[in-house]
């Protein structure tokens, strides 16, 4: 089974179950209009009374990123959006190293798996050499290649891994669903060297969220879902920059500071490999080559044999996507909320990409993960969130603000 970024334990996805029955007031971009300048100091000093002494000392020396994500070398997309619910709660979970898997989360994972298997059969691809740092990323590249072929053949692919940069941060995520508006199935050719030959189609992105009730999700939950999908779109376009080269779209300038770097295929890719200490030229070996050939039989064996490395597989993925002739439009982003038992879509929210919202959200998340300021808890109008929080009694933010979360919103 593929890894499901939405439900990784360290991403604290159990917060979604808290969000389900909570209503909230409407959030606007102005509520995320934080200063985009980074404070000069590296770490924020904390009052000892707010957290345990040893925790405070630890945070004076290291940031949350250094403590909990530096070993991976990147942040997951959900790492950037989950603190939007409550940064203080998120920090408590990280520092206490609390990991839970609830029945609701299990149902969500199962639903995602069912949706994935609707578009692609179960894969037996696995890491063959557990000492290799390159193989896990090679498997993700194979999944990308398979996803592009499914997109061409069936007009839809699900659980598409994607990674890259937003400003100074390396990010990894898994896109729930990518689809073409009017795909053609008639011109599929088994030879990768000439199977891409069809008209231009609009590209749509969908993020499937599990709902545990029939009620419309609250604005706070909708906000984080929108930001999450916008991260995916940003990563996808910068991973495949040729898709937006000739289009007059807001997607062309998502991250102006880094656009030149990210739009250079070799530059950003080599930078990513270097940051994670990966060898892009290392041959993945005969066993992995055999696995590649068996898992995607539509690609000729000699093609795989000539691309049996991270650089080689990325070149295949990049070349294949470049020939897709896709067109990106500003409003083809959708959040689909599904019943956790039946999988039925109970609510859809279609929206447009917002550079301002994404940048403001990212700046806040970056400051949180790198301890550039004190974590922020919920404002007074959202104190209802605290009723289901297990840190309610000890929460320093509530004590500081003198909120009373047991009262009704």
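Note: Cβ is positioned from N, Cα and C throughout, glycine not excepted.
Values in this document were obtained by computation on a predicted structure and should not be read as measured data.
Classification of residue 389 ([4Fe-4S] cluster binding site) by DSSP places it in coil, neither helical nor stranded. Taken from Swiss-Prot, the feature [4Fe-4S] cluster binding site applies to 86, 386, 389, 395, supported by similarity to another entry.
Non-local neighbourhood of residue 207 (Mg(2+) binding site): 175, 176, 177, 225, 228, 229, 232, 334, 335, 336, each in the same chain, at least six residues away, with C-beta under 8 Å from its C-beta. What Swiss-Prot records for 176, 207 is Mg(2+) binding site, and it gives similarity to another entry as the kind of evidence.
Counting every protein chain shown, 20 other Cβ atoms lie within 10 Å of the Cβ of residue 389 ([4Fe-4S] cluster binding site).
Residue 395 ([4Fe-4S] cluster binding site) counts 22 other C-beta atoms within 10 Å of its own C-beta, drawing on all protein chains shown. Proximity of residue 86 ([4Fe-4S] cluster binding site) to non-local residues of its own chain (separation of 6 or more, Cβ distance below 8 Å) is seen for 377, 378, 385, 389, given in sequence order.
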